[in-house]
Amino acid sequence: MENGAVQQLQLLGKRVKGFGVGGRYVAHPYYSGRFRELLGCTPFPGTLNFDANLDWRELASMCEPQVIPGTVWDGVRLGAVYVWKAKIMTRHGYVDCAVIRPLLSGHPPTVLEIVACEKLEPILENNPDKTVIVTIACKRGDALRWRRY
C-alpha cells in the first residue's frame, strides 16, 4: 500500500454513560473550531461515549490520531485531545463523525467519545443492545488490516 494511503479500522463497542460534561467542551471555542474544520459543520454540543474494548493507546499506535494540543484559555487548563476522523453506523446509514479521546479523561482507557454534526442518540435509538460500529480512516504507511473489536 502506498505511503499515506487511507486505510480503515472498524471498532465495535457498546454505548456507555458519560459524565455529562462533553457538551461543555465540544461547545468551547477552542475545541469547536477544530471540530468544525474536521467535520465541516458546527458540532452538536455533546458526545456519545462508547466502550470500544480497545485501549485508546493501542488505537493510537495502530491509527495515528490528529492532536488538538492542550492550552490555557482565560486561566483555565484545557487538555489535549486525540482525534480520529470516522463514520458511525446509524439506522440511516453512515454518518461522518470524529472519535476522540481527551487525554485528561476520567473514563477507563477503553472508553472513547464521538463528536458529530447532529445528536446521535435519536438515530441510534432502534439499537436495543447499544452496539456502536465506527469506521476510522487511518493514514499510515504500514499495512493495517481491517479489524473488529
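Cβ coordinates come from backbone N, Cα and C, glycine included.
The CDP binding site annotation in Swiss-Prot covers Gly18, Phe19, Gly20, Val21, Gly22, Gly23, Glu118, Lys119, Leu120, Glu121. What Swiss-Prot lists as Mg(2+) binding site is Thr47, Asn49, and the listing cites sequence analysis. Here Swiss-Prot flags Ser105, Glu113 as FMN binding site.
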CDP site span - longest C-alpha distance across Gly18, Phe19, Gly20, Val21, Gly22, Gly23, Glu118, Lys119, Leu120, Glu121, in Å: 19
Packing count at Gly18 (CDP binding site) (other Cβ atoms within 10 Å of its Cβ): 18
Nearest of the binding-site residues (Thr47, Asn49, Ser105) to Glu118 (CDP binding site), judged by Cα-Cα distance: Thr47
Position of peak Cβ density within 10 Å, selected from the binding-site residues Thr47, Asn49, Ser105: Thr47
Gly20 (CDP binding site) and Ser105 (FMN binding site), Cα-Cα, nearest whole angstrom: 12
Where Gly22 (CDP binding site) sits in the secondary structure, as DSSP reduces it to three classes: helix
Those binding-site residues listed as Glu113, Glu118, and which of them has the most Cβ atoms within 10 Å of its own Cβ: Glu113
Cβ-based isolation winner (fewest other Cβ atoms within 10 Å) among the binding-site residues Gly20, Gly22: Gly20
Glu118 (CDP binding site) in three-state DSSP notation: coil
Candidates Gly18, Gly20, Thr47, Asn49, Leu120, namely the binding-site residues, that fall within 10 Å of Glu113 (FMN binding site) by Cα distance: Gly18, Thr47, Asn49
CB contacts for Leu120 (CDP binding site) [other CB atoms within 10 A, all chains]: 21
Asn49 (Mg(2+) binding site) and Leu120 (CDP binding site), distance between Cα atoms, whole Å: 11
